[in-house]
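S.K.: Submitted below is the structure of interest, expressed as structure tokens.
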Amino acid sequence: MSPLSIVLLGFAMSTDAFAAAIGKGAAMRRPRWRDAVRAGLVFGCIEAITPVIGWMLGRAASDYLAAFDHWIAFGLLGALGAHMIVAGLRNESEVDEALRDTPKRYGLLALAATGFATSIDAMAVGVSLAFLDVHIGVVAAVVGLCTLSMVTAGVMLGRALGALIGKRTEILGGVILILIGSTILYEHLSGAA
């Protein structure tokens with residue numbers, strides 16, 4: 001996986017968290033930098049850990065699935081991308097549900113619950129990464145840093161932007177995941193030909 005693909009993956013994986021952060025920022029009277037960075041750290045850590053868990057699960061099964069690994073990566077990334085696009089086009093998403101279920105006071109537990117709700121897809125991406133020649137530590141660090149920056153910015157921008165761009169980030173993230181999955185499949189099939 002190229003460095004550009006890893007960075008794009010990091011930003012694609014952080015779009016759900018960014019949308020949630022915009023919602024949290026919009027719900028706060030006056031978001032402070034301290035609150036925004038705290039949210040970014042919580043989301044970033046969770047978003048960095050979940051692909052590692054998925055990667056470990058994928059590695060455990062990789063010997064049995066090696067002949068189909070490129071199709072699995074393509075299928076998982078494509079399905080997740082399509083899901084994100086559909087959620088972005090609908091009025092409601094997992095992010096909206098997570099926001100509804102969290103209290104108005106955004107304590108650490110509420111942040112962690114929302115962080116886990118928005119990082120389930122990162123675990124599935126981690127499974128697909130187990131079949132690729134990629135250093136999972138680098139990917140996890142990039143995903144965590146992208147999420148940290150996107151969530152911090154999202155909380156601060158939330159008051160001004162609100163619902164205007166929240167859904168569009170999910171759509172963009174979905175398109176990026178589909179493109180990465182398609183690139184993996186293309187590279188494998190063209191290399192095998």
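Any Cβ shown, glycine's included, is placed from N, Cα and C.
Below, the features straight out of Swiss-Prot:
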| type | residues | note |
| --- | --- | --- |
| TRANSMEM | 3-23 | transmembrane segment |
| TRANSMEM | 37-57 | transmembrane segment |
| TRANSMEM | 66-86 | transmembrane segment |
| TRANSMEM | 109-131 | transmembrane segment |
| TRANSMEM | 146-166 | transmembrane segment |
| TRANSMEM | 171-191 | transmembrane segment |
S.K.: Between the stretches 3-23, 37-57, 66-86, 171-191, which one has more Cβ pairs under 8 Å with the transmembrane segment (109-131) than any other?
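M.R.: Top-ranked stretch among 3-23, 37-57, 66-86, 171-191: 37-57.
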S.K.: As a test: from 3-23, 66-86, 171-191, pick the stretch that has the greatest number of Cβ pairs under 8 Å with the transmembrane segment (37-57).
M.R.: 3-23
S.K.: Within the same chain, where does the transmembrane segment (171-191) have neighbours whose Cβ lies under 8 angstroms from its own Cβ atoms, ignoring anything closer than 6 residues to its ends? I mean 6 or more beyond.
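M.R.: Tertiary neighbours of the transmembrane segment (171-191) are 1, 5, 8-9, 11-16, 70-71, 73-78, 80-89, 125, 128, 132.
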